[in-house]
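Per TrEMBL, the features are as follows:
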DOMAIN    16-63  domain 'Galactokinase N-terminal'
DOMAIN    100-186  domain 'GHMP kinase N-terminal'
DOMAIN    298-366  domain 'GHMP kinase C-terminal'
Ligand code: GAF
C-alpha cells in the first residue's frame, strides 16, 4: 500500500469494505470536485474554461469479481447495498448515486472494454447538489479504478469522453467535458485552462493566498440537477444559434460578429449566444491576467461573467445574486456564480482582511431574505484523481 496523507481515511474505507464484502479491496482511488473560476456553459460550445480541482473528493474502494455481479455501497445516500448485473445495465434505470458508477461501467462497455462484476464502497465529502460537481467526482474516481483494474489503459482524454458518455447517455444529463477534465487533470496550485475543442490543457498558476486573497465558496443550498430542463434548453439555444449563424460551434463566433448576429437571431437566442461569445473572451482575458499580473486583477472579469449569466444566459437565481452582490458590497474584488446554474454555489475572491466581514454579511443577508443559511468555505486548487492504495 502507498502511504498517503489520507492514510486514516483510506484505512477506514478499506476496513469497512472488508467487513461489508468479506475481503480487502484491490485498491482505493479518489477524485476531486471542482470550482470553475470562469468559463460557464462554454464547454459544449467547444470553447474555453478555467476550472480547478478542489480538496474535497470522492473515494472508492473497489475489488474486481469473477462473475457479473455488481455490489455497491456508499457511506451516504441511505440506499443500502445495491446489486446489479454488469451485463444487463440499462440507461436511466439506476437510481440515486449508483447511476454514476453503473454509468461508468456501461460507458466503458460501449467503448468495447470487458468490464467484469465488481464490489465498490464509496465515500465523498464533495457537497451534493452544490454545483461543485459531486457526480463527476464519483465518476472520475470510478473510471480511474476500473480503467486500471480492467487493464483498459485509457488516457485522460478518453476517460473524460467516457465519463461524459456516462452522464449524457446513462444518467441523462446533457453536460460537457469541463468537470471531468478538472477532476482528472487538475493540479495543485493551478487552474486548468482547457480548450474544449481539442482537449488541450495549459496549467495556469492560481495562488490567491500569495496575492493576499481567499477564494470563498458560498453554497446557497439551492440544489439543482443538470438532468432538469434548464441546462438542456440552454444547450439547445446554443445549438440553434450556431446553426443559424452557419458555424460548427459558437466557439467560432467572435465578439466582432455579434452585431451581425443580432440581426439574424431572435432576441432570446441572441442573448444566449452573446453570453457564450463574451464568456469565451473573458476566459482568455483571465488567463492572460493571471499569467501576467496575478489573481488581484481578475475581479472585474468575474463580475462581468456573473452579469452575463444573470441577464443574458438567465441561469442565476435570487440566492446566487444575493451572495454575489453582498460579497461585492462587503469587500470581495470579484464574485460570480459557478457551475451549471439554477442553484449551487457562488465564488467570491476576497481580500484576507475582508473574509470575515463577507461571511457575516452573506449569512445576515440570507437570513433577512428568508433563505436557508448558506455554507461558506475557502478553496484552493488541489491535485486531480489519483490512486491512494
Ligand atoms: C455543469 C456541466 F457538467 C459542465 O459540463 C458545464 O457545462 C457547466 O455545468 C457549466 O459551465 O457543471
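Note: Cβ is positioned from N, Cα and C throughout, glycine not excepted.
In the predicted structure, the domain 'GHMP kinase C-terminal' (298-366) carries a mean pLDDT of 98.
Across the range of the domain 'GHMP kinase C-terminal' (298-366), the DSSP-based residue counts are 40 helix, 12 strand, 17 coil.
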